[in-house]
Protein chains: 2
Amino acid sequence: MTWASVPPGSDFPVENLPYGVFSADGRAPRVGVAIGDHILDLAPVLDEPVFAEPTLNRFLGQGRRRWQQIRNHVTDLLTDPAHRPVVQPHLLPQASVTMHMPFEVADYVDFYASVDHATNLGRIFRPDQEPLTPNWRWLPIGYHGRAGTVVASGTPVTRPCGQCKRTLEAAPAFGPSERLDIEAELGFVVGMPSELGKPVPIDRFRDHVFGVVLVNDWSARDMQAWEYVPLGPFLGKSFATSVSPWVIPLDALDAAMVTPPPQQPQPLPYLRDPDVWGLDIELEVRLNGHVVSRPPYRAMYWTPAQMLAHMTVNGASLRTGDLFASGTISGPDRTQRGSFIELSWNGAEPFDLADGTTRTFLQDGDHVAIAARAPARNGVSIGFGEVTGAVSPAQLDPRVRG
Amino acid sequence: MTWASVPPGSDFPVENLPYGVFSADGRAPRVGVAIGDHILDLAPVLDEPVFAEPTLNRFLGQGRRRWQQIRNHVTDLLTDPAHRPVVQPHLLPQASVTMHMPFEVADYVDFYASVDHATNLGRIFRPDQEPLTPNWRWLPIGYHGRAGTVVASGTPVTRPCGQCKRTLEAAPAFGPSERLDIEAELGFVVGMPSELGKPVPIDRFRDHVFGVVLVNDWSARDMQAWEYVPLGPFLGKSFATSVSPWVIPLDALDAAMVTPPPQQPQPLPYLRDPDVWGLDIELEVRLNGHVVSRPPYRAMYWTPAQMLAHMTVNGASLRTGDLFASGTISGPDRTQRGSFIELSWNGAEPFDLADGTTRTFLQDGDHVAIAARAPARNGVSIGFGEVTGAVSPAQLDPRVRG
């Protein structure tokens, strides 16, 4: 029980305590922890310089023992009423602060870990083939994305221009994407680096990964379809990837750990996990305020621990700030699909919004919000805040003629 | 003419003046410029703090006017004998210093710009299909690689382990790559950043790109073949990418600019270049001291200016330290192929070394060096130094069982 005021149903009870970077009163960005509708300004309370930094990176690099120590300390400060007089002056209303990118992204990797999403996309993009490629159930497929265009929640997303080729036309044309989409994902934030040439064993997941953010991997499906063979997605993804302002510590998700779906064939030994890193996290995708989907993370085929073990098994090193995302989260039901290309079956089946309009892909001005909730300790549930973004019209630069 | 001593045939006459980061005498790494067999310690000579930094990034971010100013100043210092008494004490023998990564890599993108390489790989990986995918002549295909594993020349490369599937076997197996390869490339280093949502027009190439490095994009072909459909190369490439210690300024390459090969179909307007960014640079690939290939950059289909325009046409922003590489450089002749998979036709045709041995792919202990030369002003030619690396045996971590 916290002495701080936490409204019923808040995303941020004391069992959560996610970290973010905020600014207020014209001062430089610094680290805070969410509690109810407030944010705790950590630097003056803990007197630790890492929390006066404009990103979480230095704290993330300090490792798991330190993460636990600080979490225990902050929990104590917010539960023992004796600390109230000292702490309360440093609780600022979240409504009064500006949130920033919580960490500086080192490398960004995006996986493809939902069997329902991969099956749907395979059917749409390669209708004449088996929807899952032969490697899909053997390894978590992933690729590197553009770290430099991972942006803070709320950053407007300009509709990208590029080459697309319509099926019946012989040549591609240049113009704004007509199939702008979202991907509702979770992202895993690496704190502790690893050495080049040394794989991270699957049971060391918790030593390296600090926490979880919401990710919206904006996607231009028409550009992606034209460019992605043979080297994978590039401009169809690299214009923007939004992340939520709050990083939920893995330590807040213990009660959300569930057995992942059965894997057949049995994975190779380096992908066999002694722990259960399925996560009972339900996302919610809202378009202009209307819920369009509720993707369940617990349906994901590959776990984040498997992704990390795979990503490093060749000796690739980790850096503090590495972000690896799950890929679109989709469940087996139509109402659980985490992208518009699946919800509208590549535009063939427009879906309804509660305001009476329909959508296939995003329109200019559309506002997307992705949220999530998970069970936590003490029988409460916690939330992830939101990752949001609105679509701005394409800017046709006269210096860049199509 | 420089007053400094430059041996005949040196890579580093005064027309070159590439930048690197070195350390000597136990002091911290700092910026230097190569001249002959020496390196000029810039910080004490120019009294500019950016050259006392351990990477080139701050200097790179200062922009083209500043790059030219410093280049002119250094040229003057090394040509006017009046400066000799002040400058000479800061010329250190290259043999006495340690070279480091010249810049901190922001995002790393690898293109696929050689028509001969792409055709060869298409024939090898997809023998039943047209070697070039339908998009290949319309856009420079590229993908993001792992920035965190771009390493300094000389860093040992540990043979990676991972999943591979042999053609006739039903399931993949775990083990060391048996098809470890090189890719001889040029890399282009971004100095001036760009704004999110604002494409960089093709004629602004020189404003953003500072210079050129040699790149060896080590590749595990067996892992790559199994993993790359549908999202592109991942672990087959992410274990190591080596870059040369010297960044050759674009300003040193004016005399190497040549008309690129004709492009058919005509590219879309955003890819039409008023300048000619073909580059008459010849690479040399040496294995254990024996030349195995001389890939000609002038044969590349897509120019670096086209790569940059394409990479940003969707509004993706640039950061100082972004590195984009050409992809393997191969010419039409067999002796011009920039990878072992092409030289040995995927292992089917072993090639001879001058020491009487043969190779298909890399063996443990093999030492690879890639060098390059280009015509420069005043009728001289300049070199790029070398990017080197030797193969260490796979490390089978007992905690990471196959």
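Sequential numbering from 1, following the chain as shown.
Glycine is no exception: its Cβ is also placed from the backbone N, Cα and C atoms.
Checking the candidates A:Thr303, A:Thr312, A:Thr320, A:Thr328 against TrEMBL: the one annotated together with A:Tyr112, A:Arg126, A:Gln224, A:Tyr228 at the substrate site is A:Thr328. Checking the candidates A:Asp80, A:Asp128, A:Asp207, A:Asp217 against TrEMBL: the one annotated together with A:Asp110, A:Glu183, A:Glu185 at the Ca(2+) site is A:Asp217. Note: A:Tyr112 (substrate binding site) has non-local neighbours A:Ala118, A:Trp136, A:Pro140, A:Ile141, A:Gly142, A:Gly327, i.e. same-chain residues 6+ apart with C-beta under 8 A of its own C-beta. In sequence order, A:Ser114, A:His117, A:Glu183, A:Ala184, A:Glu185, A:Asp217, A:Pro295, A:Gly338, A:Ser339, A:Glu342 make up the list of same-chain residues 6 or more apart from A:Thr328 (substrate binding site) whose Cβ falls under 8 Å from its Cβ.
When the binding-site residues A:Asp110, A:Lys237, A:Thr241 are screened for a Cα within 10 A of the Cα of A:Gln224 (substrate binding site), the ones that qualify are A:Lys237.
Secondary structure at A:Arg126 (substrate binding site), taken from DSSP and collapsed to helix, strand or coil, is coil.
Using a Cβ-Cβ cut-off of under 8 Å to chain B, the recorded positions A:Tyr112, A:His117, A:Gln224, A:Tyr228, A:Thr328 reduce to A:Tyr112, A:Tyr228. It is 15 Å from the Cα atom of A:Tyr228 (substrate binding site) to that of A:Asp110 (Ca(2+) binding site). DSSP assigns A:Asp110 (Ca(2+) binding site) to a strand. For A:Glu185 (Ca(2+) binding site), the number of other Cβ atoms no farther than 10 Å from its own Cβ, over all displayed protein chains, is 29. For the pair A:Arg126 (substrate binding site) and A:Asp110 (Ca(2+) binding site), the Cα-Cα distance reads 21 Å.
Across the domain 'Fumarylacetoacetase-like C-terminal' (A:109-386), the prediction's mean pLDDT works out to 97.
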